[in-house]
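Below you'll find the structure, written out as structure tokens, and then a few comments.
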Amino acid sequence: MGSKRRRATSPSSSVSGDFDDGHHSVPTPGPSRKRRRLSNLPTVDPIAVCHELYNTIRDYKDEQGRLLCELFIRAPKRRNQPDYYEVVSQPIDLMKIQQKLKMEEYDDVNLLTADFQLLFNNAKAYYKPDSPEYKAACKLWDLYLRTRNEFVQKGEADDEDDDEDGQDNQGTLADGSSPGYLKEILEQLLEAIVVATNPSGRLISELFQKLPSKVQYPDYYAIIKEPIDLKTIAQRIQNGSYKSIHAMAKDIDLLAKNAKTYNEPGSQVFKDANSIKKIFYMKKAEIEHHEMTKSSLRIRTASNLAAARLTGPSHNKSSLGEERNPTSKYYRNKRAVQGGRLSAITMALQYGSESEEDAALAAARYEEGESEAESITSFMDVSNPFHQLYDTVRSCRNHQGQLIAEPFFHLPSKKKYPDYYQQIKMPISLQQIRTKLKNQEYETLDHLECDLNLMFENAKRYNVPNSAIYKRVLKLQQVMQAKKKELARRDDIEDGDSMISSATSDTGSAKRKSKKNIRKQRMKILFNVVLEAREPGSGRRLCDLFMVKPSKKDYPDYYKIILEPMDLKIIEHNIRNDKYAGEEGMMEDMKLMFRNARHYNEEGSQVYNDAHILEKLLKDKRKELGPLPDDDDMASPKLKLSRKSGVSPKKSKYMTPMQQKLNEVYEAVKNYTDKRGRRLSAIFLRLPSRSELPDYYLTIKKPMDMEKIRSHMMANKYQDIDSMVEDFVMMFNNACTYNEPESLIYKDALVLHKVLLETRRDLEGDEDSHVPNVTLLIQELIHNLFVSVMSHQDDEGRCYSDSLAEIPAVDPNSPNKPPLTFDIIRKNVESNRYRRLDLFQEHMFEVLERARRMNRTDSEIYEDAVELQQFFIRIRDELCKNGEILLSPALSYTTKHLHNDVEKEKKEKLPKEIEEDKLKREEEKREAEKSEDSSGTTGLSGLHRTYSQDCSFKNSMYHVGDYVYVEPAEANLQPHIVCIERLWEDSAGEKWLYGCWFYRPNETFHLATRKFLEKEVFKSDYYNKVPVSKILGKCVVMFVKEYFKLCPENFRDEDVFVCESRYSAKTKSFKKIKLWTMPISSVRFVPRDVPLPVVRVASVFANADKGDDEKNTDNSDDNRAEDNFNLEKEKEDVPVEMSNGEPGCHYFEQLRYNDMWLKVGDCVFIKSHGLVRPRVGRIEKVWVRDGAAYFYGPIFIHPEETEHEPTKMFYKKEVFLSNLEETCPMSCILGKCAVLSFKDFLSCRPTEIPENDILLCESRYNESDKQMKKFKGLKRFSLSAKVVDDEIYYFRKPIIPQKEPSPLLEKKIQLLEAKFAELEGGDDDIEEMGEEDSEVIEAPSLPQLQTPLANELDLMPYTPPQSTPKSAKGSAKKESSKRKINMSGYILFSSEMRAVIKAQHPDYSFGELSRLVGTEWRNLETAKKAEYEGMMGGYPPGLPPLQGPVDGLVSMGSMQPLHPGGPPPHHLPPGVPGLPGIPPPGVMNQGVAPMVGTPAPGGSPYGQQVGVLGPPGQQAPPPYPGPHPAGPPVIQQPTTPMFVAPPPKTQRLLHSEAYLKYIEGLSAESNSISKWDQTLAARRRDVHLSKEQESRLPSHWLKSKGAHTTMADALWRLRDLMLRDTLNIRQAYNLENV
């Protein structure tokens, strides 16, 4: 009954917080409690529970450690076990369940339960009961049910049981206990929770110390109705609110329940909550079952300390008093180890409640951890979309409650992950993004999304796809994109003028008066025109198929063909977010969208037609709106046609520095123009399709154009400039591979290639700046090593090098050697005269070994020298990383060698030192006997001594072992310091003392560079007696090991001295005291409150020495000239025996020649006459014969000495191993260099070779086949130990070698430019003549044709002239290219071979015959081709021999075009013999109509020049009256034509196959070249031109479009006029019969 009554008590008494009255609340009935519990049941995520259940089944193992789930991973295959499918109608396995989990198909745990039940029932139905599968199914099903019940039905029953336990045990400790005793118990329980850690040392209670922020976690307070934390519990303990342990247990239960309700099962917080609850009840049981008889002081100290940790320093200070209690000290030390783990709770208590914290949240900014998310609110509104998108990514958690974005908070460590910064060129982290948000650097959400995507792409690029980081990236990208769409939809709702939802919105808002708003309003109007367009009759919206891009799943090929997809959604989004800098940007995107539709879909399809109609409507509407008021560019139609349209919409205002550089490179190549203003990049913008040029894709395996490069650039696929340059170089290489060396496109590719490299060089600056300066690095390493050794100190702070300063500079055993001391070495180091580590080591060891030779083994100098040598070796190995950084011969001398040398040296010196000590002791003994004899004689005279241990003088007692001041011999000296060893009184009653005298530093002989401890004195070898009356006072001398830690009582600091060494006046040397043997003093020593710092001061002679240095400055100035040269290591000639050597030759491995040391394996520059750069030779043999030195070895050549394509790129300073191996005299050597393999070039350098003389070689050049092939490496040599090896420095990070263009590139460009300049020069002469007489003759007027002709503007390719003018032929012959084709010889060969092939294959078409003729020409021998070329020499240039009668139209493509109004060429008079009636080629006037072709991709118009045949004997009229003999004069006055055509430019053949393509268009059954019947049937309204076709129209023929609407209309009008004039000529000159 009592138990039930306790359960009926309201729980509000422990959770409401109202405990001040000290009474229990009124009880409430039981049902209300149950209703409250039901309302607060945990809201568990079913998907998380399903994952936990699946993982439990998957990870369960039996007693043998086998996974039981392996039997059910996959269902049996129907082929192997067909009977399984007879028994089981619905097969399922764990793989299917896992797939459903990934697809989140389980919305409820019951669905997963049904699948698992089906899985195990299938197994039980098929397998026998004694089979392993059947037993495993039973076990796993039982495990599944138990686990499911724990997750789903965990809430009420467990809490009820816990409450019963707590209530039953409530009275065990509370009854009869005082409030103070209960408080101590509660504090112990709280302490157990607060200090509990997991095995890794993490505090379990960390997340439970404070409630989560209401700002950052508002949903927590919506779910949790009774929030509580450890801070609240600590306050209630301090306030005495808990009347029993059960009351605190209720709050702990509530704390755990809240955590498990809000967090997912399996999360870390969920587990920590269970741990806290378990710890509490374990501690509670421990207290209940043990007698509470421990020391109250210990309990109080421990428990109050825990409470003080939680509640701040203001509570229970008395319990932590200053008394030295061991128990208190124990707990204080225990807490000191824990540090400040509970500082967060203490801070929370000091600064008030949670609401106060939220109010002050704007001032709190934390850089790391969870607090970082809160700091965003201090500078940004929570409703800000930027903050929402950032916070969504940053605070996203997985099912275990872990922050998914945690690895992205900061960038990886450069020390731990150096390769990350090699692969990732633009690293970025959430912290950097947060900083940009804080500084408001993001203009739009797209900019923020761009940075987040960059961060994710970096992670995906660095990590493997199966890694955990990679999976986190995918999840975060999904979350980010979903949030971005949500924010976009929210903008749609907030934006009242959404263009898609309300397409008919008012376009004339009077509120938007600014220029920006007017521009945006115009874009909306144009957008709405496309949006509202409908098909007449059906009412179908034409834009429906353009709203969103096609699905990648349904149309995968679309994204292979269309590199830059675009849809109306994107355009609308860009308009709304002001991404377009102007109206042109939106128009470019619209045109791109329509162009994509026409490119992907077939002509005549619905989408194709809709794109054309919508584009026309858009242009018409834009024309209707007119130009912007302040847009001056719209005034001139000519300017509008010629200028670049708009700013690229993809070029955002916000670009990273790398994106800006990439854009600059791209724009530099794209916008480059030649001297005539022609843009060279036009033909490289887009490749022809496979249907247009199939053979291109057969020849070129990796096609590339500038549109693809631009799309890669906009998609952030280029991590650095080199990646983009590689694609550009590939594109130019493709152009040079496919096209002829004489073609214009070949020349344009070379020029743009040069522009590309120049632009990259300008952007990146000095390309070699990233190569480390090895000389400086070696000197820095030597400097660091020297400073480390010279500043090496012992435990007392004494520098070991101080004692070595007294070493003489010259070794007495070798007086002829140059002097060498540490001071000289220091000057060499400061002057950077060491280039080798082994030389520096030799000098250092020479000084140290001299110190060892000249001093005893037990002396301080000897020991310091050994210590410094050991320290040198250790620091040297650390700096060189045992050869990983610097590989030097110096590393061969190790500590083991040093120990052997020292031991050997000691064995030699110790016998001598023992003999010296013996002699010294005998001498001291004799001196002592003499002194005793003298004192004995004095004693016989009547003096008698009475010895004592102490004596008094002037009211002071002096004891043996005391230190005293003794009156100095001279008045101006300091008192002497003496240690009393004996005291006596003579017979006269006078008191005496005898002892050891201590010297101050100024009383010793030492170098001015020596430093001393403050208050240091030295124990001397001088002992003497002094009358006690000479004592001036007491002092204390302490040993160095005690001086800094202890201090004497009742002594002033100035009377306390420190002694570290003894001083010998005979040898004037110092030696450290190892054992303090002075008499025991009666002075008492106590520990110092603060240990004294070890401070060393300079000698008193240092100032005087400075004066001497100043006097010697003049002498040092004289020696400065010596500092300019480098110190060289001593070397010697190393002869070697050569078994197969020639007689009279003396061979060497190392030889000195002209002050240059050379060894086998070295590379040298050798004199090379007639070359730009000297060649490089490698020494493989060295010999001297008759006093002259020679070497033999292979020769390396430079790229300009090889044959290669001009577009080939080489590494800077790259050379090639040739087939040449020569013997050269040493006199031809210009200097040393180093040729490294590719691997070594990236990673290391020899230290004595300048960087400019370091060369790279990875390929061998074969002269016979002109091929470059990589080889393994150069031959290595094994030399004797006398040969000095090179020191090699290895870079910490491999360098990236830069490439440079071929040296032939510039020469080839200059040659082609000169050739084309000569061709264009001929045109200029004709143009000048044409300008003088530009009038043309008007033919008789005839009625205009009513039926317009359709020209084939987009079908007929341009075939430029084939013949080379005389002025250019000379240079063309010099250019020996294997791909050069002389088309005149080919024409002659074709005229002969065509008849032969025609006879063999009468059924072949004209195009097939032409292909066979071309194949035969390619396979023809060179000699035969030369014969045809010679045969063509007899014909006039440009005219093929005709084999038969000519009928119809004859192509004059091989002739030079002539400017209208200009005279005919001198080699073609108006009547050419053999070609009756053919007018001069190239005449373009109203009498001759050229056949218009497709303009070149470069933008220049081109056409196939044709003439019209007249009757035999009749000549065509000249273009203007002149002194030409042919033809009757024309009396009519010429009039100015309506359209004036500019002179056609001479252009080279772009592709050799273009000629064949033209021939294929001919037909044997037709009497004409063009399809004139189709041309006459074409009408303007029936022909729809695409944007590409319009761009290729020869619009520059006309000055302006005149009165016509578009330029196309004007050209249609020109076509009608030309057809009419053609008919007029035909009728006027009676050409009907031709």
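Glycine residues also receive a Cβ, built from the backbone N, Cα and C atoms like all the rest.
Listed in Swiss-Prot:
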- 1379-1447: DNA-binding region (DNA_BIND)
- 499-508: compositional bias 'Polar residues' (COMPBIAS)
- 901-933: compositional bias 'Basic and acidic residues' (COMPBIAS)
- 41-151: domain 'Bromo 1' (DOMAIN)
- 177-287: domain 'Bromo 2' (DOMAIN)
- 381-487: domain 'Bromo 3' (DOMAIN)
- 518-625: domain 'Bromo 4' (DOMAIN)
- 653-763: domain 'Bromo 5' (DOMAIN)
- 769-879: domain 'Bromo 6' (DOMAIN)
- 956-1074: domain 'BAH 1' (DOMAIN)
- 1156-1272: domain 'BAH 2' (DOMAIN)
- Y134: phosphotyrosine (MOD_RES)
- K414: N6-acetyllysine (MOD_RES)
- Y1289: phosphotyrosine (MOD_RES)
- 1-39: region 'Disordered' (REGION)
- 155-179: region 'Disordered' (REGION)
- 487-517: region 'Disordered' (REGION)
- 625-653: region 'Disordered' (REGION)
- 901-942: region 'Disordered' (REGION)
- 1106-1129: region 'Disordered' (REGION)
- 1354-1378: region 'Disordered' (REGION)
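Structural mapping of features recorded in Swiss-Prot.
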residue : record          : DSSP class
Y134    : phosphotyrosine : helix
K414    : N6-acetyllysine : coil
Y1289   : phosphotyrosine : strand
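Taking the Cβ of K414 (N6-acetyllysine) as reference, residues of its chain lying under 8 Å away and at least six apart in sequence are, in sequence order, Y420, Y421.
In the structure shown, across all protein chains, Y1289 is the one of the modified residues Y134, Y1289 with the greatest number of other Cβ atoms within 10 Å. Same-chain neighbours of the compositional bias 'Basic and acidic residues' (901-933): 852-853, 856-858, 866, counting only residues six or more beyond its ends whose CB sits under 8 Å from a CB of the stretch. Across the domain 'Bromo 5' (653-763), DSSP classifies residues as 72 helix, 2 strand, 37 coil. For the pair Y1289 (phosphotyrosine) and Y134 (phosphotyrosine), the Cα-Cα distance reads 68 Å. Summarised as a single figure, the pLDDT of the domain 'Bromo 4' (518-625) averages 88.
DSSP assignment over the domain 'BAH 1' (956-1074) gives 13 helix, 67 strand, 39 coil.
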